[in-house]
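Q: From TrEMBL, for reference:
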- 36-55: transmembrane segment (TRANSMEM)
- 76-95: transmembrane segment (TRANSMEM)
- 115-134: transmembrane segment (TRANSMEM)
- 146-165: transmembrane segment (TRANSMEM)
- 185-207: transmembrane segment (TRANSMEM)
- 214-235: transmembrane segment (TRANSMEM)
- 241-261: transmembrane segment (TRANSMEM)
- 282-304: transmembrane segment (TRANSMEM)
- 324-348: transmembrane segment (TRANSMEM)
- 369-389: transmembrane segment (TRANSMEM)
Amino acid sequence: METGQSNNGNERCIISKDSSWFSQFRNASNPWMARYVYALFFLVANLLAWVARDYGRGALTEMERLKGCNGGKDCLGAEGVLRVSLGCFIFYIIMFLSTAGTSKLNVTRDAWHSGWWSVKIVLWIAMTVIPFLLPSEFIQVYGEVAHFGAGVFLLIQLVSIIRFITWLNECCESEKYAARCQIHVMFFATTAYVICLVGIILMYIWYAPKPSCLLNIFFITWSLVLLQLMTSVSLHPKVNAGILTPGLMGLYVVFLCWCAIRSEPAGENCIRKSDSATKTDWLSIISFVVAILAIVIATFSTGIDSKCFQFRKDDTPAEDDVPYGYGFFHFVFATGAMYFAMLLIGWNSHHSMRKWTIDVGWTSTWVRIINEWLAVCLYLWILVAPILWKNRYAGSA
């Protein structure tokens, strides 16, 4: 038996190294390729949810189980999004439960993650159809739970981004790259700060044209204050974290502030886009398509970054170790299914959403703002925590 298993493993290794990409895909020997298929499933689910919201009302009203929706004329569209999201969530939760804990290649769960695509396509279709047979009350409960799941996704994404920024800074400050990266660090840090300042100035011009736009003025000004706070803490002699990380974090903070203000309802006088809010132009369509692709890319990149939650570093992985955490990968996609549902319904199942819009409404605005503030708090904690723990142990000793 052991010899047979060893031979099967060797055959898979040979297929993985020497065969074409199609053979690797067919023989379930390439987990790196498998992740793109899962991302494709996720993209199709996003598009189905959008179709259900913008064009599915006529079809959904023919289903008796959906006629009891109590959210008004736009509730059916929101329910369609939640039903597609629920099916996508169940699919990835099944994959999470069946692959969590996989650590080695050439085992059964590795083959299940990287192959069996005909079975998974049938499973994905079934999970997409079944939620449309469930009563509306169950879907509304899922919509409330999805708020929490979407928050978990944002938190995971936030940790992944901060860990990437700190990792990049550590690489540049390491003995191996410190000399050659010094000029690059100064260039990228300066560029980041210039973009941040230009972005803040443009937001003042575009979204705070009048003194009465107090909320937007507060959002923009507070973002500037947070940028200054991150820079001051990072450059403090006891922290000495350099100038690159606060510059990159500043880009992320300014971007979140811009997204938050852009999510404000189009009828607000402080948003210049309100002049064309009643019609859909090519810019709105392009922005919507880019937003959908950004959701898929963000979920994909976060899903393969399982190391951001590993507290124990393993510098010498074995050759037969899995290249990324399968369970974490599917868990991120499961929470991402809840996240795209919240974006398409504006975090409110009773909120009216125009066609070709995404993440619009006051709830969306405050979610972005809170995410911005949480990002700064988490970044500052990463900088300060080692000093606090060091002082605590020194005091106790």
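Using N, Cα and C of the backbone, Cβ positions are placed for all residues, glycine too.
All annotation found in TrEMBL is predicted automatically rather than curated by experts.
I'd like to know what surrounds each of these features in this structure.
A: For the transmembrane segment (36-55), same-chain residues at least 6 beyond its ends with a Cβ under 8 Å from one of its own Cβ atoms are 25, 77-78, 80-81, 83-85, 87-88, 91-92, 95, 117, 124, 128, 292-293, 295-296, 299-300, 329-330, 333, 336-337, 340-341, 344-345, 353, 355-356.
Through the fold, the transmembrane segment (146-165) approaches residues 82, 85, 89, 245, 248-249, 252, 298-299, 301-302, 305, 308-309, 332, 334-339, 341-342, 347, 367, 371, 374-375, 378-379, 382 of its own chain, all at least 6 residues removed from its boundaries and within a Cβ separation under 8 Å.
Sequence-distant contacts of the transmembrane segment (214-235), counting only residues of its own chain at least 6 positions beyond either end whose CB sits under 8 Å from a CB of the stretch, comprise 196, 200, 203-204, 207-208, 241-243, 245-247, 249-250, 253-254, 257, 260-261, 264, 270, 369, 372-373, 376, 379-380, 383-384.
Within the chain carrying the transmembrane segment (241-261), a Cβ under 8 angstroms from the stretch's Cβ atoms is held by residues 161-162, 165-166, 168-169, 172-173, 185-186, 188-193, 195-196, 199-200, 203, 207, 216, 219-220, 223, 226-227, 230-231, 233-235, 271, 359, 364-366, 368-369, 371-372, 375-376, 379, 383, all 6 or more beyond its ends.
Under 8 Å from some Cβ of the transmembrane segment (324-348) lie the Cβ atoms of residues 31, 35, 38, 42, 45-46, 49-50, 53, 78, 81-82, 84-86, 88-89, 92-93, 95-96, 99-102, 109-110, 113, 143, 145-147, 149-150, 152-154, 156, 291, 295, 298-299, 302-306, 309, 358-361, 363-364, 367, all in the same chain and six or more residues away from its ends.
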Q: Could you pull out which residues elsewhere in the chain have a CB under 8 Å from any CB of the transmembrane segment (369-389), counting only those six or more residues past its ends?
A: 154-155, 158-159, 161-162, 166, 219, 223, 226, 229-230, 233-234, 238-239, 241, 245, 249, 252-253, 256-257, 260
Q: State the residues, same chain only, that lie 6 or more residues beyond the ends of the transmembrane segment (185-207) and have a CB under 8 A from a CB inside it; answer 'none' if no residue qualifies.
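A: Those are 172, 213, 216-217, 220, 223-224, 227, 242-244, 247-248, 250-251, 253-255, 257-258, 261, 270-272, in sequence order.
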